[in-house]
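Notes to accompany the following structure.
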Amino acid sequence: MATKKARQRISYVIENPRASAGGHRLGVWCVAADPTNNILYSGGKDGVICAWDINLDQSDNRTTDQSAAASAKATTKFRAEVQAHHNTVRDLVLAQNSTAVVTASTDLTVKVWRPHSEAHAEPLEIGRHADYANRLAVPPGDMGLNWVASGGLDRKVCLWDLNGGGKTLEIETQGEDKPEKGSVYALSAGRNIIAVGSPEKTVRLYDSRSGTRFSKMVGHTDNIRSILIGDSGELILSASADKTIKMWSTRAGRCLYTFTMHDAPVWALRSDHPELRVFHSADRDGLIAKTDVRGKVEDMDNGLSLAVAQEHNKVWGMTAAGGHIWTATMQSSINRWADIDVDDYSCLRESMKRHRGASVASRGPRPMSISAVDGSEQKKVPPKSILQLSNTAPVPFRPASVSVPAAVVAKGVDTESPAAASTTGTQLSELSLDEPSVKPIHQNPTETIEGQFGLLKHQLLNDRRRVLTVDTAGEVVMWDLIQCRQVESFGKMHLDEVAEMRNTPEAVAPWCHIDLASGNLTVVLEQYNCFDAEVYADQLKLEETVEFREDQRISLGRWILRYLFANLIDEELKRDEVYRAALNENVEKRQLANRANAPTSIPLPPPSMAGWETPDQMTTPRANGLHMPSTTPGMAIHQATPGPGLMGVSENAVATPLSPLEKRQSHTGRPSGDHDYFTSTIGPADTAAKAPATPSTPAAETADADKTKDKAQDTAKSPTSAFGKKFRMSFGTKKMGRSASQTATEKPAIPEEKAEESEASSTHEKEVEDNFLGVIQKMRNDYDRQLIEKPDQLVETRMSPSLPNETPVLKLPPNTKIFVQEETSGSVANVYEGTIAGVGADADVIEHKAPMWLGHVLLQNQITSKEPVKISFVLHPLDDLPPVASADGNNRLNANRMLRVKKIIGYVVERIEQPPEEPEGNPLKPEEYMELYCNGQLLDPLMSLATLRTHVWKSGNDIVLQYKANGRKEIRFAPPPEEPAPEPEAGQDGGITGEAQPTAPPAAPAQAT
């Protein structure tokens, strides 16, 4: 038996016409540099990985400043991009000599992209977590290992084979006090060691060969966000949200030093030094610092920490190469900053050391001069760029300005003496406490790699076919979800203002949801509600003229799916034709052999459907030869049980449940030979639900005759108005007096028969896959069964996709992306990705990856049937018009939420107006001489009940409606209905009947003028 698939959904992306090739649409989360190939890789919230040519000169004979000056003229160019994930890329590392780009995402997956390999142009999934995949780490390259470690919020660290071999090791990192505090927020890999940081505020060390924990470092007071391991594995750096950075000794198992140069949570660390004595750090406020603590551990207080740059946003990640630093922030752009060489500032360390010794000797602070020497050139050092390394390090006394000529330093003059101060012309003074404490060396980035404008917010309009979005530039744009294109741009306006300008008074059921996680407009369709929304065909603006039935409704979900996969449908029709041609070849041979004995005449069969010759019953022929009229389920007005309106109660709770006898009757309407406003013919879905016909017996004929007689008596008791016949309404019937035993006796034993039939038929049914292909397999099984049962009959197609009168033709952009996604725990995964133009060529893949319900919709035009949502209302007359209540006084009704006001008016006219004795020439329509009011407002005849309740009634209880004549026609009132007989009998319209308990009409509101 095939394994049932997880719930699947269909998504499509409406491309932004302003988008250009290359660049992130949302904030950048992580960056990594490949200095060998001069490539920068970046991953962002949009799930995209971008590759950039950074064009830096990596000559070893250049100083940092010379390299920076040369590269300042170089311009970064876009190289390539790939949509690796459909959600945020949380981390990115380079592996296997920078030939593999590994990413971790909030879509739970770990993927590897090989941009230099044509065979692996698309990222491949190598691992998956049960929660967000948050951090990545690779072992030192010289170890020759082919694994990558990933840590997730599922409190696990997993080692994945980079060549697709799956998981090689799993380490549980649950917290000791609280398991949820074991989520991995920092991860690093060294020589046979893995370091993990978590909200537990500890650094845990594991053996990467066995997964055994062998040490735990305690000292931080908040979540640990970044970890580095030295080449020898003896030193570890950890950055925490407690604003500190700690250096640990793995051998001693203790903290060697605590750095406190940051005033905000530290989120990123980076170092090229083998023992981590020189490193970069960045915090949440955007400060980027570079620290040099080379030397003995006891001399770390004499180290140097400089503020290199100041970002205007939170720094989530950074990397450095070739004398430059790239930062990942919440912006879609990437800033490149000039790095500094701490060796150029070594004299500052000596100056600070001498200053500290002098200060200790004199027990008082002394002004300190700050200078740096670079050859024979003068080098300026912003005095506020020096950061206090730790709480135990000396406080740097920053002079107001420092500019020390290199010649003075070269002569050996003591720059701290008063003579040196007068020689340089620099007056030293202590820093005022009112001034900003830190001033970075670089005020502006060397270059900004511009991103694109991604979508941040959205608002669906009332028609649920248009949506407004705001992008990162603040521009408001309106999109058409059905046409898959941008409709209008409003510039930089407030979203609510534009919504008020463009909204219309409509109420349409939800049929999709909008996802902006990738920065693009993604529309998601799910089986449980994508067919709920319907619109009237006469309200659509179509490019091509199509003839529709009166008040025909179009399902939005069915409509868009039909043309998203139009090429797939064409391909499946071709395949079906080829398959049937092979089957029919032998059938045609048998037919040719039998033609020698062909009859001289062929009798025509009688019509298979009642009223087929009536013009208003004609339908468009189906591809399979079935002329089944289209269905509009649940569009009849039914009488509801009288009762007071209940505020805040759903319609399902207000409506009276069906009686046992009523439950046996179709609740979606039935065929009618007469034109019917409210009921419509039964479609294929209803036909399949009917019980199979059985040969008549004398007893059955007698029962049928009795039923016919009873039905005739009921007809005599029912109202004799034309509306009563047209809408099959029955009023005044009382079922409350019937005993439960009587009801149980009248129930036919249908379930047992159906069970036996199902068991008998299941022995001949072949198993089909639970996917799109299963629909095709089932049709082909039917073809084979027909050949067995009727070997001389040609096999006709069973594919019947929707026709233009049900789904008007759409011309969608061929490059629109389509995804088939499968829901997993906490996220979704793409199982298929393609375009509208390419779904036909991808038919084999889609058949195995797409859900079965999609196959039913596309190939057989079948959707999952649901009980229609009904709305209850009461009708009261205005002026001197008679009431529409039945003889028992019940005027509480309910109907489908999509029923229009003009149909309610037609119902009123049929109930109160005497039918003309002779047909009138060009008679007025009911809505032309009768009006309907709610809350004193004249209602548009085309308004639906759902719109009426949402925008006019604005309440959840029964809608109160008043009707009045506008004087355009003299109305001849119909006689009142007769008192019903005491014997109740179920009406043949499937409506809801209730006990006769008249309700007092409310006071009539002020009439509209």
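Note that Cβ sites are derived from N, Cα and C of the backbone, with glycine treated the same way.
The range from 200-225, 356-381, 902-927 that TrEMBL describes as region 'Disordered' is residues 356-381. When the repeat 'WD' (217-258) is classified with DSSP, helix, strand and coil residues number 0 helix, 24 strand, 18 coil.
For the repeat 'WD' (21-55), the DSSP-based tally of helix, strand and coil residues reads 0 helix, 19 strand, 16 coil. In this model, the repeat 'WD' (21-55) carries an average pLDDT of 92.
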